[in-house]
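Asks: Structure below; questions to follow.
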Amino acid sequence: MLQTTLLALQGLSCMNCAQRVKAALESREDVHHAEVNVHYAKVTGEADTHALIETIKQTGYQATEAQTPDVELHLSGLSCGHCTETVRKALEAVSGVISADVTLESANVYGKADIQTLIAAVEQAGYHATQQGIDSPKTEPLTHSAQSQPESLAAAPNTVPATNVALATSTVSDTNTVLPTNTALPTNTTSTTSTADTASATSTAPVINPLPVTESVAQPAASEGESVQLLLTGMSCASCVSKVQNALQRVDGVQVARVNLAERSALVTGTQNNEALIAAVKNAGYGAEIIEDEGERRERQQQMSQASMKRFQWQAALGLLLGIPLMAWGLFGGSMTLTPETQTPWLIIGIITLLVMIFAGGHFYRNAWVSLKNGRATMDTLVALGTGAAWIYSITVNIWPDVFPMEARHLYYEASAMIIGLINLGHAMEQRARQRSSNALERLLDLAPPTAKLVTDDGEKVIPLADVQLGMILRLTTGDRVPVDGEIVQGEVWMDEAMLTGEPIPQQKSVGDIVHAGTQVQDGTVQFRASAIGSQTTLARIIKLVRQAQSSKPEIGKLADRISAVFVPTVVVIAIVAGLIWYFFGPQPQLVYTLVVATTVLIIACPCALGLATPMSIISGVGRAAEFGVLVRDADALQQASNLDTLVFDKTGTLTEGHPQVVAIHTFNGVSEQQALGWAAALETGSNHPLARAILQRAEGLTLATASQFRTLRGLGVSGEVDGIPLLLGNNRLLEEQQIDTRELQSLIQQQAESGATPVILTANGKPAALLSIRDPLREDSIGALQRLHQLGYSLVMLTGDNPITANAIAKEAGIDRVIAGVLPDGKADAIKQLQAAGHKVAMIGDGINDAPALAQADVGIAMGGGSDIAIETAAITLMRHSLYGVVDAVELSKATLRNMKQNLLGAFFYNALGIPIAAGILYPFTGTLLSPVVAGAAMALSSITVVSNANRLLRFKPKQ
C-alpha cells in the first residue's frame, strides 16, 4: 500500500549529503519518490519505516521517524478537505519546508523556515494563521462582508462613509426598464446623509441610500480539487485520447480529466493520488510522467518534442530512401511483377523492406500490438494492418510464386516503405507546426526572469527566482522584468504591461502600487516587497488558466471525440467488406485487387486529422487571445461567445471610470472658480466619501484653509466657516431648509441631473457661490468600442443599480440601445434570465464582484479585471486590460476560432467521407483504375498537416479596427 513516511535526519551537512541519501532511498524498488534536505526525508512508497532507516544508515547517516514539528500553527477559515490541501501545498511551497500536516484547526510544519513567512503563505492562500500559543491580531479575511454605515459627505477624518445609490422616480423613455424599488432595496436601507443625496428638482420621492453590497473574493469550491499535468507518450490519434481519458477518469478522486492530443498532455483535477494516475495511463498502454516544477516540465516537454521530431525525420528519410527508388523504378518502365529471373533480387529487397519497417515503422506495430491487447484500435492499427498486409502478400509471392497466377504476382514492397516514410514525414511536419501553435504559451512562460535582485544590508545580491520568498525586498531597474508580484515601497517607474494585459501604453507606478511578475520596467528604479511567489503570482495563474483552456473542449469538439471513438473499428470493417466484395465480385486477379483495396482503405483513413481538428484550433485561439489580454477559462466559452447577439454591460467601472470626478464648476455672485473649489475642499478635508474625494482630487495643488464651526447636516450636506465666511455645501433641500433663494439655479440643477451628474451647491454668506457638477465619466475608449460592437451587429444593454435618469444619460452618451436601471446585484441575474427567455444569447460584462450572479447566469460572463482573483475566478472570459476594446477582441476572436474549428472538422470529415469510398474502388467502373496505397499514405499525411497549418493561421489573427 502506498504511504508517505517522514524521517528526521542526523549527520547531513550539505545538499551533496542529501542527494546521496535520496539516491539510496530511490534505488529501492518499494520507494516511488524521495524528497530529501539536510534535516528531513519524505519518502513515498510501500517500504516500512524500519527498512528506510536501515537504508539511510548504510549511507553513513542516522534517521528516526519525525514526530516533533519545527513549527506549530493555529489555523482559522478552513472548512473542508480542499482547504487543508490548499494550505498544505502553500506551506510546503515555502523554501526549507519539506512536509506539513494540516487539519482544519492546526498545521504541524517540518523544516527550517521563518514563522512569519509561513504565516504569510497561509494568508496568501486565503486563510489565517498564528503561532500556537500566541494570540496574534487576526488579519482581515479575503472573504468578507462590507459593514459600512451611512456617513456624511463631510465625515470626520478616518471614517469611511457608505456609497450612495440614487433611485429617483423620474419618468424615462420607453427604452428603459425600471425594476420596482421594493424588489431592489436591502432591508437595512437608511435615509440619505450627505451631499451625494442630491436629487433632481423633479423628483417626488426621497432618495434611497442602500448600504454597500457584500463583496467577496471567489474561492474555489471544495469540490474543485487541485490540478496536475501529465506528459504523455505513445498517443497517435483521437482513439488514443479517448482511451487515456477514460482510464484517468476511472481513478479514484479524479473529477475531471482532459487529454490533449496536440500537446500530448493531460490535465487532471481532483484529489487523486499521482502515482495512481501514472499507473492508469501505463495500464492503458501509454507512458506518463508528472513534473511539478514548471521550468523542468517545460524543458522536459521541449526535449520530448525535439526528440520526437528528430526520430520522425530520420524514420521518414529511411522509409523514403528505399520507397522512392522502388516507386521510380515502377513509374519509369521497370517491372514490379515477379519473374523467375528477378526472384532473388526481389527477395533481397523484401528483406531490406522488412528492416525498414522494423526500424522506421516499428512504433506503428508496437503501438498497434499494445492497442490490440487493450481491446482497441487506433491510427497505428490501420497503418500496421495496411503496410503489414502489403509486405506479407509480397513476400509470400516472392517465396512461393507458383501458388499465384502470373497476373497476381505484382509486388508491393515500395508501398510499405513509402507509406511508412510519408506518414513519418507527416508526423515530423505536424510536430513542427504544433510547436509553433504553443508559442503563445511559451511567450508567457518566458516572461518570468530566471533571477531576482535581492536588497540586503550588504547591498544588492542576485538570487535564483526559486529562492525568492514572501516579504523579501527586491530591486528593479530599467529593462528588468519583474520576477514576482509585489508592492512598491520606494521609487517610481514606468511599466510595460502589454504582454500581460494587452495594454500598449506604459503605466506609471509608485509607492503603494502593485507590480506583476512578467511585466517590464521601461524607465526608473524601485524597490518592492514580494507579496506573491511561485504559482500564486498573477502570471502563474494566467499560465494555468491558458493551459486549462487549451486542454478543454467545446461541444463541437466533444462531438468529434464521439465519432473518433468508433472511427477506426468502422474503417477496419469497411476495409474487410470492401475486400470481400472485390474478392467475390471483382475482376481477375481478385486477390490482387482485394489486397490493394483493403490496404488503401486502411491507409487513407485518418483519425489523426479528426483528433487534431478541435484541439489545434483551441490551442491557437486561446493562446492568441492571451496575447491580447483576453483570458479564456474554458474552450466552450469561445463557442458560446461566437453565437451571442446581446451584450449586457454594468455601468460603474465597466462603461465608466468607476470613480466620480468634478466635471464642471459654475460660479455666481462674483466668486471665482478657484475660490469656490478651495472653500468646498476645505469643508471636505478628511472625508473618504467618493464625492468628497472627487472635490479634493480637483483641488489638488491648492492651499486649503482650515474649516471651523464644522457641522454635519444629516441627509443634506455640511456647514462650516472658512476665513470667517459661513459656508454651506450640499443638495438643493439644504438650501431650501436654510431659506436661501435658489430660483436662478433651478434650470441648471435640472440640466445637470438630466445629464447624469450630481449637482452639489456651495453658498457663502447666505448666497449661492457655486454649483459643482460631479459624475462618473465614460471611459475614453467606451464610445469607440461600443460603436465597433454595433457594427458587428450586437444589441447593447446597460444593466445598473443606478437611477434611471443618470443611467439614461450615460446610455445616450455611450450609444447603448437599452437601459435596465434600478437593479441591485441580486436582481441582475433575473434581468439576464428575462433576456434569455426572450430568445437572446447573452454575454454579461462586469467587474466580477457585484456582478457575479449575472456573470454566472449569462451564456458567457466577461469580467473586466486587472488580473485579480475575483475577475479570474468569476467569469468564463477575463479581460486583463480595463478597456472595452477587449470585449471586441474577445467576440471577434471567438468567431474566428469557431470558424477555424469548423473548417478543420469539415475538412477532416470531407477528406474521410471522400477518400474512403475512392479507396474502396467506387470510381473503378468509370476510370478503370484503383487508388494506389502510396497515394493514400501521402493523402493521409497531408490531411493532418493541413489541419495543423490551418489552425496556425489563428496565430496571425488581428481584430479589425
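Cβ coordinates come from backbone N, Cα and C, glycine included.
Sharing the record's features from Swiss-Prot:
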ACT_SITE  Asp650  active site, 4-aspartylphosphate intermediate
BINDING   Cys14, Cys17  Cu(+) 1 binding site
DOMAIN    3-64  domain 'HMA 1'
TRANSMEM  316-336  transmembrane segment
TRANSMEM  345-365  transmembrane segment
TRANSMEM  381-401  transmembrane segment
TRANSMEM  565-585  transmembrane segment
TRANSMEM  592-612  transmembrane segment
TRANSMEM  860-880  transmembrane segment
TRANSMEM  906-926  transmembrane segment
TRANSMEM  928-948  transmembrane segment
Asks: Any idea which of the binding-site residues Cys14, Cys17 has the thinnest Cβ neighbourhood at 10 Å?
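Replies: Fewest other Cβ atoms within 10 Å, among the binding-site residues Cys14, Cys17, is found for Cys14.
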Asks: Tell me, by DSSP, whether Cys14 (Cu(+) 1 binding site) is helix, strand or coil?
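Replies: Its secondary structure by DSSP: coil.
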Asks: Can you tell me the CA-to-CA distance separating Cys14 (Cu(+) 1 binding site) and Asp650 (active site, 4-aspartylphosphate intermediate), as a whole number of Å?
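Replies: About 58 Å separates the two Cα atoms.
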Asks: Can you give me the Cα-Cα distance between Cys17 (Cu(+) 1 binding site) and Asp650 (active site, 4-aspartylphosphate intermediate) in Å, rounded to a whole number?
Replies: 60
Asks: Just to be sure I understand the packing, how many Cβ atoms besides its own are within 10 Å of the Cβ of Asp650 (active site, 4-aspartylphosphate intermediate)?
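Replies: By my count, 25.
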Asks: Which residues of the chain, 6 or more past the ends of the transmembrane segment (381-401), have a CB below 8 A from one of its CBs?
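Replies: For the transmembrane segment (381-401), the nonlocal Cβ contacts are 338, 340, 343, 346-347, 350, 353-354, 357, 361, 364-365, 367-368, 371-372, 408-413, 415-416, 419-420, 423, 568, 571-572, 575, 595, 598-600, 602-603, 605, 607, 933.
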Asks: Based on DSSP, tally up the residues of the domain 'HMA 1' (3-64) by helix, strand and coil.
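Replies: Per-class counts: 22 helix, 23 strand, 17 coil.
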Asks: Taking the domain 'HMA 1' (3-64) alone, what is its mean pLDDT?
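Replies: For the domain 'HMA 1' (3-64), the model's average pLDDT rounds to 84.
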Asks: Determine which residues of the chain contact the transmembrane segment (928-948) at the Cβ level, with the cut-off under 8 Å and only residues 6 or more beyond its ends counted.
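Replies: Contacts of the transmembrane segment (928-948) (Cβ under 8 Å, skipping residues fewer than 6 from its ends): 323, 327, 386, 390, 412, 414-415, 418-419, 422-423, 425-427, 429-430, 433-434, 437, 593, 596-597, 599-600, 603-606, 608-609, 612-613, 616, 904, 907-908, 911, 915, 918-919, 921.
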